[in-house]
Every structure is written in structure tokens, then in C-alpha cells.
Amino acid sequence: MPTKVAINGAAGRMGQRLVALGCQDESLELVACFEYTGHPKFGKDAGEVAGVGELGLHLIEKTDEPYDAIIDFSVPEGAHAAVERAVAAKAALVMATTGLEDEHKAKIREAANVIPVVWAPSMSTTVNLTMKLCEIAGEALKDIPGGADVEILERHHRFKEDSPSGTALRFGELIADKMGITRHIHGREGRPGARPHDEIAYHAIRTGDNPGEHTIIFGLLGETIELTVRASNRDCYASGALQAAKFAAGKKPGLYNMNDVLGL
Ligand SMILES: NC(=O)C1=CN([C@@H]2O[C@H](COP(=O)(O)OP(=O)(O)OC[C@H]3O[C@@H](n4cnc5c(N)ncnc54)[C@H](OP(=O)(O)O)[C@@H]3O)[C@@H](O)[C@H]2O)C=CC1
Ligand SMILES: O=C(O)C1=N[C@H](C(=O)O)C[C@H](O)C1
């Protein structure tokens with residue numbers, strides 16, 4: 001039986017790619033495409049909005065159709081609504097929206113007591129693999145004589161609303177955990193003085209239509225290692241999210257991440 005999937009934020013940049021890839025995947029069935037009522041494309045056919053032709057699925061706010069999983073790529077308020085929908089439908093939730101406030105995060109954790117939730121700031125295989133590599137680097141360099149300076153650069157399209165990216169923050173958390181770092185700073189200006197080793201600095205670049213890239217620098221005295229991961233388009237995130245929906249549907253309640261989905 002195909003996994004029945006609903007998409008929240010279906011008219012957005014990511015929502016459109018989920019519709020486009022989802023309608024070609026025989027192992028799943030798109031059953032609902034949600035947007036809020038005031039959206040300029042509300043009521044239109046989601047396939048036409050996504051540029052793949054009419055699918056007979058309209059951008060709606062409510063449905064009586066049952067679904068096994070809901071995927072959310074929207075905004076914090078939309079994510080909040082998706083959690084409520086998932087719990088009410090007893091469906092799995094794939095949470096991809098970033099820039100969430102603490103109250104939204106608490107709501108997701110609470111939902112994981114009653115439904116399966118896959119929650120990750122990046123659904124990309126190569127990003128999640130790079131996170132593993134950074135954990136290895138952090139562990140290996142944590143006590144290196146002279147210290148290793150960690151700087152995280154991220155580059156995204158001009159329309160992105162949250163900074164730094166959720167992915168950059170996750171890279172920082174994972175590395176900080178391995179290296180025992182507690183100070184996180186965002187950019188530098190003025191005369192901050194010599195750089196202490198026990199800090200991670202984030203730099204967010206916004207330019208053009210970049211679908212997302214991250215560079216993690218470990219700077220030593222005399223040598224440097226940099227790990228870069230770059231999306232060529234959004235399909236790496238969309239296909240990861242569809243895979244996560246199939247993974248989570250029917251699983252027992254709990255919080256899962258993309259390592260669980262990808263077997264990393
Ligand atoms: N985890 C991952 O792998 C990835 C995560 N993301 C994250 O996903 C999110 C969406 O990104 P992107 O698609 O580029 O953004 P878009 O702004 O293109 O899409 C978001 C969509 O959600 C709509 N929306 C706004 N409010 C609601 C609501 N209450 N309910 C339902 N839909 C709503 C928006 O409408 P309107 O335009 O009118 O506001 C828009 O159509 C971001 O947080 C981004 O960081 C992105 C890529 C990968
Ligand atoms: O907004 C985006 O585009 C992206 N957002 C996610 C993030 O904030 O980490 C993931 C990806 O980098 C694309």
C-alpha cells in the first residue's frame with residue numbers, strides 16, 4: 001500500500017518540489033496539499049502551482065482524507081499548525097521548518113510522545129553525512145596543541161527569512177558537544193580582540209538563488225581543514241523528506257532524525 005502523504009506549505013519553494021517529486025513516486029500517494037486561506041494561490045491545483053500539470057489536488061486548509069504522514073516546510077506558525085494536524089490525524093510528522101521559537105520546539109517534543117516525528121534542519125543525505133564527518137573532526141581536534149578555531153559559513157538565497165540556517169546551528173551544536181565549547185557568536189565587527197579557541201562563529205551570506213551551502217572550518221596553527229557541502233537544487237531536501245515520511249509512517253511514537261532515516 002502506498003504511504004498517504006500530506007504536505008504543509010505546499011505552494012512554497014520546497015512545497016512545490018515535494019509535490020513534483022511526490023506525484024512521481026509510486027510508493028506514496030499525495031492526499032492533501034495545505035496552505036493558509038489567505039495565500040494568493042489558495043484553492044489552485046497544487047500540481048499546476050508546482051509546474052507539473054493538474055493533479056486534482058487543491059491548495060486547501062482542511063481535509064477529511066486520512067493520511068499516514070504530514071511533511072512541513074513552511075514558517076514557524078505553519079509548523080505549529082502542522083504539529084496540531086499530525087496529532088489530530090494520528091499521523092507521522094516530518095518537521096523541516098527552521099527558525100522555530102522555543103515554544104514551537106517544545107510542542108514538537110510533546111507531540112513525539114504520541115506520534116512518530118522526524119525532525120531535522122536538513123533532509124539532505126550529504127549534509128547529514130558531513131555532520132558525521134564534523135563530529136569525527138571535532139573529537140580528533142578537541143585537545144590539539146595550539147587549539148582549533150571553528151568557523152561556520154553558510155550561503156543561502158536572498159528570500160531566506162531565518163539566519164543563521166538551522167543546519168549551521170546544528171553543525172555548531174554537534175561540534176560544540178564534541179569539543180566542549182559553550183560560546184557561540186554571530187559575525188564580528190569593531191575590535192573584538194584576539195580570537196579565543198573556545199568559541200564557534202557563524203557567518204550567514206544571503207545572495208541570489210543559492211539553494212544552500214555550508215562550509216565548516218577547523219583552523220589550526222600551520223594547517224586548516226574545511227568541509228563544504230553544497231546543494232545544486234532543492235531536490236536533495238525534498239527527496240529526503242519524502243523518504244522520511246515513508247520511514248516514519250506506522251513507526252512507534254518518538255523523535256527520529258535523518259540518521260535514523262538514512263541509516264547513517
Ligand atoms: N529541513 C530541510 O531540509 C529544509 C528546510 N527548509 C526550511 O523550510 C522552510 C520553508 O522553506 P521554503 O520552501 O524555501 O519557504 P517558502 O517561503 O518558499 O515556503 C513556505 C510556504 O509556507 C507558506 N505558509 C505561510 N504560513 C503558513 C501557514 N500558517 N500554514 C501553511 N503554510 C504557510 C508560505 O506562504 P507565504 O509565501 O504566503 O508566506 C509558503 O507558501 C524554511 O524554514 C526553510 O529554512 C528549507 C529547505 C530544506
Ligand atoms: O531556507 C532554505 O533554503 C534552507 N533552509 C534549511 C536551513 O535553514 O538549514 C536547510 C537548507 O540549507 C535550505
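The backbone N, Cα and C atoms fix where each Cβ goes, and this holds for glycine too.
What TrEMBL says about a protein is an automatic prediction, not a curated fact.
TrEMBL has this to say about the protein:
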DOMAIN    4-123  domain 'Dihydrodipicolinate reductase N-terminal'
BINDING   Gly9, Ala10, Ala11, Gly12, Arg13, Met14, Glu61, Ala96, Thr97, Thr98, Ala120, Pro121, Ser122, Met123  NAD(+) binding site
BINDING   Lys62  NADP(+) binding site
DOMAIN    127-262  domain 'Dihydrodipicolinate reductase C-terminal'
ACT_SITE  His156  active site, proton donor/acceptor
BINDING   His157, Gly166, Thr167  (S)-2,3,4,5-tetrahydrodipicolinate binding site
ACT_SITE  Lys160  active site, proton donor
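A map of TrEMBL features onto the structure.
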residue : record                                          : Cβ neighbours (10 Å)
Ala11   : NAD(+) binding site                             : 22
Arg13   : NAD(+) binding site                             : 16
Glu61   : NAD(+) binding site                             : 15
Lys62   : NADP(+) binding site                            : 9
Thr97   : NAD(+) binding site                             : 25
Ser122  : NAD(+) binding site                             : 26
His156  : active site, proton donor/acceptor              : 24
Lys160  : active site, proton donor                       : 18
Gly166  : (S)-2,3,4,5-tetrahydrodipicolinate binding site : 17
Thr167  : (S)-2,3,4,5-tetrahydrodipicolinate binding site : 24
| Near Ser122 (NAD(+) binding site), meaning Cα within 10 Å, which of Lys62, His156, His157, Lys160 (recorded positions)? | none
| request: According to DSSP, folded down to helix, strand and coil, what is His156 (active site, proton donor/acceptor)? | output: strand
| said: Could you tell me the mean pLDDT the prediction assigns to the domain 'Dihydrodipicolinate reductase C-terminal' (127-262)? | reply: 98
| field | binding-site residues close to ligand 2 - of Ala11, Arg13, Glu61, Lys62, Ala120, only those whose C-beta is under 6 Å away | value | none
| said: Can you break down the domain 'Dihydrodipicolinate reductase N-terminal' (4-123) into helix, strand and coil residue counts using DSSP? | reply: 38 helix, 28 strand, 54 coil
| Of the binding-site residues Gly9, Ala11, Arg13, Thr97, Ser122, His157, which ones put their CB under 6 Å from ligand 1? | Gly9, Ala11, Arg13, Thr97, Ser122
